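According to TrEMBL, the features are:
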ACT_SITE  Asp250  active site, proton acceptor
BINDING   Glu22, Leu23, Pro43, Ser44  NAD(+) binding site
BINDING   Pro227, Gly303, Gly304, Asp305, Val308, Thr333, Ala334, Met385, Gly414  S-adenosyl-L-methionine binding site
DOMAIN    150-203  domain 'Sirohaem synthase dimerisation'
DOMAIN    220-428  domain 'Tetrapyrrole methylase'
MOD_RES   Ser128  phosphoserine
REGION    1-203  region 'Precorrin-2 dehydrogenase / sirohydrochlorin ferrochelatase'
REGION    218-483  region 'Uroporphyrinogen-III C-methyltransferase'
Amino acid sequence: MDHFPIFLSLKGQRVILVGGGELATRKLRLLRKAEAAVTVIAPSACTEILELVEQGVVGYQERKFKDEDLNGASLVFAATDIEEVDTAVSQAARQRGVKVNAVDRPELSDFIMPAIVDRSPIVIGISSGGSAPILARNLREKIEGLLPPALGRLASFADSFRGAVKGTITSGGDRRRFWENFFDGPVAESVLAGREVFARERMLGLINLNWKEKNAAGHVAIVGAGPGDPDLLTFRAMRFMQQADVVVYDRLISDEILDYVRRDADRIYVGKGPGNHSKTQDEINDILVQEASKGLRVVRLKGGDPFVFGRGGEEMEVLQAAGIEVDIVPGITAAIGCAAAAAVPLTHRDHASMVTFVAGQNGDGIAEADWSGLANSRQTLVFYMGVSKANNISAKLMLNGLSGETPVAIIENGTRPDQRVLPGKLSGLGELTENSAITGPALIVIGSVAAFARQQDLRQFATEYLENNKASSSEREVAVARL
Ligand code: SAH
């Protein structure tokens, strides 16, 4: 971390702003929000500054900067856009131990200004340490778009009830849960919608009511975490993960995704690998019911989508039968995530008018599948859990009339850094899986769109390219490291 982020209280503090043009005016607007006692020093100043001087809210010295101007100052901004002047201000400040910011001159600055999202009292500062200011600004715009405009009002509203809540709900853990419920609940929604009087009434009701009893039933969110890349989580999944008391997760959940779960949530691993059923489905169902019955917020985190070959349906039924409230949060299923990551347009107009997701692992399932229906050249097939049955799958499809020339692609560890895309033909599918040492989760895509499949990972692409071009291994390492 090159710059340490702090939020400075400038209320009533003497701040010197050297410069009277556009750069200085921009800083002045911010400094006024922080209620600093600003003095502008410049031989001339623009109208916006002069108007504020006239209103008596900003001090003004109509002359050049002198070192003594810094006496008693907390901060100084050099915003003249003239290099010699900014340098002189910076030197004087450093001699006197006054922290200085020279606009757009990091070498002359002790501190830099972040891009700011202001929903006071909520304030967000974003900095790239000066290395990529446009990226920081870009991020600011994104965050601006995410935050409701009345967020500041919500924070002030909550603040005004802090004492009352503390007085009524004495346990720290209970208070945290109370506030979590509040910020996600209908009262907060009314504040954001501008109905504050109504919200106040309801808030009093909420505090005085035995809210804990109301929530004692617990809650389970069955959350789809997508195929692996945390970027593919939904906002809703994130919210539930950050409020969880307990998270019950599968083998397909990566550490990167677990990082987004609230730190002090208990973690229960119930992974099921092929041939390695560490917990039966019944045991998992029991765990969910038990944890929720303690009054906890449980997140059942599943790879992909919970309702696509995820047994989310069974878990939902058991919880509902036990009278526990359940929310289902959809996730990007492996077929959709992998297709995007390997550039396979599943229903490209010229190639396919249907896409079918098939469970491959279950031997009976394979026997039962409507193979003549699947062997249709205008349809894309995506087999989940199909790698160990690849031979069988290709044989059945060809027997039912699908050409052995039909393109196929295996996508292993789709959307993850170690993604592999293995293209081939239907007739060679069994051999392809046998020769490829597949160890991660993998999908088989069959149909003419599979010909689009390609490795999108630049590193892998570069490694292969350089290998094909007989680069030495050190040349290869250097080139890959530079990507
Ligand atoms: N509910 C999950 C599927 C669970 S079944 C979903 O919607 O994606 C497990 C199978 O999903 C694996 O055997 C594999 O076929 C597929 N799968 C899950 N994640 C994958 C990934 N990142 N890359 C490729 N296949 C994946």
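Cβ coordinates are placed from backbone N, Cα and C, and glycine is handled just like the others.
Recorded features from TrEMBL, shown on the structure.
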| residue | record | contacts (Cβ under 8 Å, 6+ apart) |
| --- | --- | --- |
| Glu22 | NAD(+) binding site | Cys46 |
| Leu23 | NAD(+) binding site | Ala79, Thr80, Asp81, Val103, Asp104 |
| Pro43 | NAD(+) binding site | Gly20, Glu62, Arg63, Lys64 |
| Ser44 | NAD(+) binding site | Gly20, Glu62 |
| Ser128 | phosphoserine | Leu135, Ala136 |
| Pro227 | S-adenosyl-L-methionine binding site | Gly303, Gly304, Ile332, Thr333, Ala334, Gly337, Cys338, Ala341, Gly414, Thr415, Arg416 |
| Val308 | S-adenosyl-L-methionine binding site | Thr333, Ala334, Ala335, Phe357, Tyr384 |
Pairwise Cα distance maximum in Å, S-adenosyl-L-methionine-binding residues per record: Pro227, Gly303, Gly304, Asp305, Val308, Thr333, Ala334, Met385, Gly414: 16
Of Gly304, Gly414 (the binding-site residues), the residue whose Cβ has the fewest other Cβ atoms within 10 Å: Gly414
Additional residues around S-adenosyl-L-methionine, ordered along the sequence, whose Cβ is within 8 Å of the centroid of Pro227, Gly303, Gly304, Asp305, Val308, Thr333, Ala334, Met385, Gly414: Gly226, Leu252, Phe309, Gly310, Gly331, Ile332, Ala335, Ile336, Gly337, Cys338, Tyr384, Pro441, Leu443
Other same-chain residues whose Cβ falls within 8 Å of the Cβ centroid of Glu22, Leu23, Pro43, Ser44, the recorded NAD(+) site, in sequence order: Gly19, Gly20, Gly21, Ala24, Ala42, Ala45, Cys46, Ala79, Thr80, Asp81
Cβ under 6 Å from ligand 1: qualifying recorded positions of Glu22, Leu23, Pro43, Ser44, Ser128, Ala334: Ala334
Ser44 (NAD(+) binding site) - helix vs strand vs coil (DSSP): coil
Whole-number Å value of the largest CA-CA distance among Glu22, Leu23, Pro43, Ser44, listed as NAD(+)-binding: 15
Least surrounded among the recorded positions, given as Asp250, Ala334, when other CB atoms within 10 Å are counted: Asp250
For the domain 'Sirohaem synthase dimerisation' (150-203), the number of residues DSSP places in helix, strand and coil: 45 helix, 0 strand, 9 coil
Secondary structure of Gly304 (S-adenosyl-L-methionine binding site) (DSSP, helix/strand/coil): strand
Structural state of Leu23 (NAD(+) binding site), classified by DSSP into three states: helix
